[in-house]
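Engineer: Pulled these from Swiss-Prot:
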- L192, G193, K194, G195, G196, F197, G198, E199, V200, K215: ATP binding site (BINDING)
- 560-571: compositional bias 'Polar residues' (COMPBIAS)
- 186-448: domain 'Protein kinase' (DOMAIN)
- S136: phosphoserine (MOD_RES)
- S484: phosphoserine (MOD_RES)
- T485: phosphothreonine (MOD_RES)
- S579: phosphoserine (MOD_RES)
- 546-565: region 'Sufficient for membrane localization' (REGION)
- 558-590: region 'Disordered' (REGION)
- 388-395: motif 'Nuclear localization signal' (MOTIF)
Amino acid sequence: MELENIVANTVLLKAREGGGGKRKGKSKKWKEILKFPHINQCEDLRRTIDRDYYSLCDKQPIGRLLFRQFCETRPGLECYIQFLDLVAEYEITPDENLGAKGKEIMTKYLSPKSPVFIAQVGQDLVSQTEKKLLQSPCKELFSACAQSVHDYLKGDPFHEYLDSMYFDRFLQWKWLERQPVTKNTFRQYRVLGKGGFGEVCACQVRATGKMYACKRLEKKRIKKRKGESMALNEKQILEKVNSQFVVNLAYAYETKDALCLVLTIMNGGDLKFHIYNMGNPGFEEERALFYAAEILCGLEDLHRENTVYRDLKPENILLDDYGHIRISDLGLAVKIPEGDLIRGRVGTVGYMAPEVLNNQRYGLSPDYWGLGCLIYEMIEGQSPFRGRKEKVKREEVDRRVLETEEVYSPKFSEEAKSICNMLLTKDSKQRLGCQEEGAAEVKRHPFFRNMNFKRLEAGMLDPPFVPDPRAVYCKDVLDIEQFSTVKGVNLDHTDDDFYSKFSTGSVPIPWQNEMIETECFKELNVFGPNGTLSPDLNRSQPPEPPKKGLFHRLFRRQHQNNSKSSPTPKTSCNHRINSNHINSNSTGSS
């Protein structure tokens, strides 16, 4: 039994390392799988695609790179891209260097004497920006200038781009992105854990070698529990939220027995494991602060979509290979209608906010309560209203949440105690983060005084702990309890509408990021010599005929051999046919 676990872990680790070969986990046929269609095959896509500048040239990663390549080939446009790059660099510059970096931008791009002067930024705006730079430079100083540049680029340059070979290439990538996704798109590895409707296992995309976690939702189990709306809700929220602090949905597909969500794989284990199983319970405050900042950024991204998470607890915060965290398991998350409040007594005992326990109407407030619980537990090594391994009834834990104050040990600095106290305020109207500014108010608390959130969001800060790349941070294969067989449930055509809403294939932004991160984009995005069209982009050149399969080649070779060996006289041929006919009948009657 131990051997089975060792084998499963060894195979998984080898896959995570890229298989040890030059292809880094890619299939031998990866270029064939990702072969561009001829541009003539993309005409339907050209007619139906939403021609929005921000979607095509800014939000979508491959679209952004191709628009950049287009601008670099047009005289006078390259400086606009360089300006936007420098503004992005300015926004993650340490505060003490903002003045010098801002002056560099003003001199190089916003001065009429400069050879790369950007005239599209109005002189009044330039004067205002220069004045603010001298008074007190801030991260958002050049935001309005950058917007002016985008306003220019989305005009004539964007329309020229739509008629260029770079946009044609983007259509080819979109065609690949929209190809059907099945279980054969992936290699499957060991089970990592259990979800509400089925197992979670590691998987790898054959074409790119990228590792993911596949969350299987068994169709019969969903139907038996009437969990269709819950499963579809989680899928749609994951699809919409594109955050580096929340697990991303990359693919959604179905098999005969299950619906599958293919998600960011988090190899470093969950916070519960690290709080309680790595030395003394709890973290040093510096480490707790780093995780709290990343969790806060994840909540901010969810709240931007008007989505409340409702299940913050250590088990749902996962670490990746590098030690960064992501919020996982959005099964209880819900989108709040604009200008409305919701009601629902859901969550985990000891982490539910007072307004949830009292079944009151609420907005985003339960998530700030949950953040307070997490910060407290990371520092103290136990949750604020329940001792470690304390056996206590649910009703008693709920009473403590509603009536008692949390106790702070010497482990807490004044700033840590203050932020926990303000986040764990019983009255949600008085709670930190529950005013109009939301997460921005929490970020300004002295606890985060030394945290540069811009650099954190840009992935430029090193985590305080890096998981061991040779470790598998999950239970042994045989210790993960298996689901029992669902009986008495039949699937029929009435379920097909739900399955079609769920099984939508690739999710654009994660899929495009995958192509870039695995260097498939770099290797395949090739044009003709000296900026000319490649054959697959040449409308006047017919597409290559598809390669014949193995069986076709074998059949053709056999047919040629038979033709060479068959006798030429007609009588012989008839005799051979008759003989075969006789043999066939003889065989049939024996």
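Cβ atoms here come from the backbone N, Cα and C positions, even for glycine.
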Engineer: Expressed to the nearest Å, what is the distance separating S136 (phosphoserine) and L192 (ATP binding site) at their Cα atoms?
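Structural biologist: Pair distance, Cα basis, whole Å: 50 Å.
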Engineer: Reduce the DSSP letter at G196 (ATP binding site) to three states and note it down.
Structural biologist: coil
Engineer: Given the binding-site residues G196, G198, which one's Cβ is surrounded by the fewest other Cβ atoms within 10 Å?
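Structural biologist: Lowest Cβ count within 10 Å among the binding-site residues (G196, G198) is G196.
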Engineer: Suppose the ATP site is L192, G193, K194, G195, G196, F197, G198, E199, V200, K215. Which further residues of the same chain have a Cβ inside 8 angstroms of that site's Cβ centroid?
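Structural biologist: These residues sit around the ATP site: R216.
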Engineer: Hey, what's the Cβ neighbour count for S136 (phosphoserine) at 10 Å?
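Structural biologist: So the number of other Cβ atoms within 10 Å of S136 (phosphoserine) is 9.
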Engineer: When a 10 Å sphere is centred on the Cβ of L192 (ATP binding site), how many other Cβ atoms does it contain?
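Structural biologist: Its Cβ shell of radius 10 Å holds 22 other Cβ atoms.
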Engineer: Which value does the mean pLDDT take for the motif 'Nuclear localization signal' (388-395) in this predicted structure?
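Structural biologist: Across the residues of the motif 'Nuclear localization signal' (388-395) the model's pLDDT averages 88 on the 0 to 100 scale.
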